[in-house]
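Enquirer: Below are the structure tokens for one structure; questions will follow.
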Amino acid sequence: MAQSLYLASASPRRKQLLTQLGYDFIQFSVDADESQLDNEAPLAHVERLARLKAQTAVLKGYTDRPVLGSDTVVVIDDIALGKPKNKQDFMATMARLSGRTHQVYTAIALADSTRTLSKVVCTDVTFKPLGEQELEAYWSSGEPLDKAGGYGIQGLGGKFVTRLSGSYFAVMGLPLYETDELIKEFTEGSYE
């Protein structure tokens, strides 16, 4: 029988990927302050948020099975790029990413009432030089609105990628191998 989990995320992509791993889970979203702390490095920030999401669910009483939290951030020049606030923000983000390599950090965390384990996966992604016309068309598609860094590699945004080094699934929002390994490590001997 597959391990039962809670997925503390509203992301349809994370739901799809966790389903792909074959786990039985219940999905819900949690409210967590996602603000970056002063002088907090992007890697530390994304890991803290994944842990916070999982731990928040545990504190709300989700304690009969492990809780999986996750967060993804796109980073260039040590600056975290969030979801675009508007078209102007999107265009500025794409101008930074155009023709360059950036990093995508995805953190995963598993928590129960006694412990939390976490891991961060880093993937290097290189974009082709981007033209204004293709960015206008991409913005009009609506796809960039709910994506860290303003693009979805699994959708139309994938055509911007010329090179990827690391986990494709981490860029989507949930690294399959690392998530499966963390769940096995966390649940070994527990919840049986």
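Placement of Cβ uses the backbone N, Cα and C atoms for every residue, glycine included.
TrEMBL lists Asp71 with the feature active site, proton acceptor. The site 'Important for substrate specificity' annotation in TrEMBL covers Arg13, Thr72, Gln154.
Structural setting of the listed features?
Expert: Within the same chain, the residues at least 6 positions away from Asp71 (active site, proton acceptor) whose Cβ sits under 8 Å from its Cβ are Glu34, Val46, Glu47, Leu49, Ala50, Lys53, Thr106, Ala107, listed in sequence order.
Within 10 Å of the C-beta atom of Arg13 (site 'Important for substrate specificity') sit 20 other C-beta atoms, taking all shown protein chains into account.
Around Thr72 (site 'Important for substrate specificity'), a 10 Å sphere centred on its CB holds 26 further CB atoms from the protein chains shown.
Around the Cβ of Gln154 (site 'Important for substrate specificity'), the same chain contributes Arg13, Met172, each under 8 angstroms and 6 or more positions distant in sequence. Gln154 (site 'Important for substrate specificity') carries neither a helix nor a strand DSSP state and counts as coil.
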Enquirer: Can you see whether DSSP assigns Arg13 (site 'Important for substrate specificity') to helix, strand or coil?
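Expert: Its secondary structure by DSSP: helix.
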